[in-house]
Amino acid sequence: MKNWIANTDDRVFVLALWLLVAVSFIAALTSNASLVTYSLLLYVPLFSVAYFFKYKSLQFSFIAYLLFSFLGDASNLFFSENMLTKASSVFYFLGFMYLLIMILPKFKVSEIRALVGSYLVGVFCIIMFFLFQIYSILNVVLNSATEVQLFAVKSLSLVVLGLISFGVYLNTQTKVSVWFLIGVGSLFVSVVLNYVNLYYFYHLGFVAVERILYASALYFLFKYAISDKMQIQDSKEINTNNVLA
């Protein structure tokens, strides 16, 4: 497979990433509330256009993830301030579930080594402990029980997605699994910073970092989608050649 940056079409993704990074920095430096709010609507469409600039098809699960992510990003246009956090949480949760559906077939329980399995269980228990502590605090701070429950469900889905991605990487240790793991990791930290901005301390610097991580997550997830697509095509070509031979 050709180098990611060397290929002209793939440079479009790099340019899209840097453009979004620049917009995030400008929004933070100028303290422009409108730019902070509406620039989020660029993320999914910009990377989608970059993808379809060369490739004509995309896995349904990933399309669904992009759709729900965009709806979550655009929630501020359709919902009042009271419903905004709840609506966006629902959309993002549905998007995470479709990412989980996309990676789950590559997670072979029968192939997991005992050491890897115990490591994943240990990491899961530690993360769940910290999530429970945050949940307990939010349960006291927030008046809306629904918002707290959505926080729990959304966080849990992202934790499971992260562990499955990590498990796939430990089992396969392929470049494709690395792209997905980095994408999910960037997404996880982005969501954590979003929680900090929502419930603890709002700062435009945190917002800028959150947006940069979100853009990075989309970049690596698209990179995974392309690499996975190329692997499937190569596999089909090999099978076809074997049949013809």
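Note that Cβ sites are derived from N, Cα and C of the backbone, with glycine treated the same way.
Any TrEMBL annotation is an automated prediction that lacks curation.
So that you can see what the record holds, here are the features copied from TrEMBL:
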type	residues	note
TRANSMEM	12-29	transmembrane segment
TRANSMEM	35-53	transmembrane segment
TRANSMEM	60-78	transmembrane segment
TRANSMEM	90-107	transmembrane segment
TRANSMEM	119-138	transmembrane segment
TRANSMEM	150-170	transmembrane segment
TRANSMEM	177-196	transmembrane segment
TRANSMEM	202-222	transmembrane segment
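Here the transmembrane segment (90-107) touches the transmembrane segment (150-170). Their Cβ atoms form 3 or more pairs under 8 Å, with each pair 6 or more residues apart. When each of 12-29, 35-53, 119-138, 150-170, 177-196 is checked for Cβ pairs under 8 Å to the transmembrane segment (202-222), 177-196 comes out on top. Taking every listed stretch (35-53, 150-170, 177-196) in turn, the largest tally of C-beta pairs under 8 A with the transmembrane segment (119-138) is reached by 150-170.
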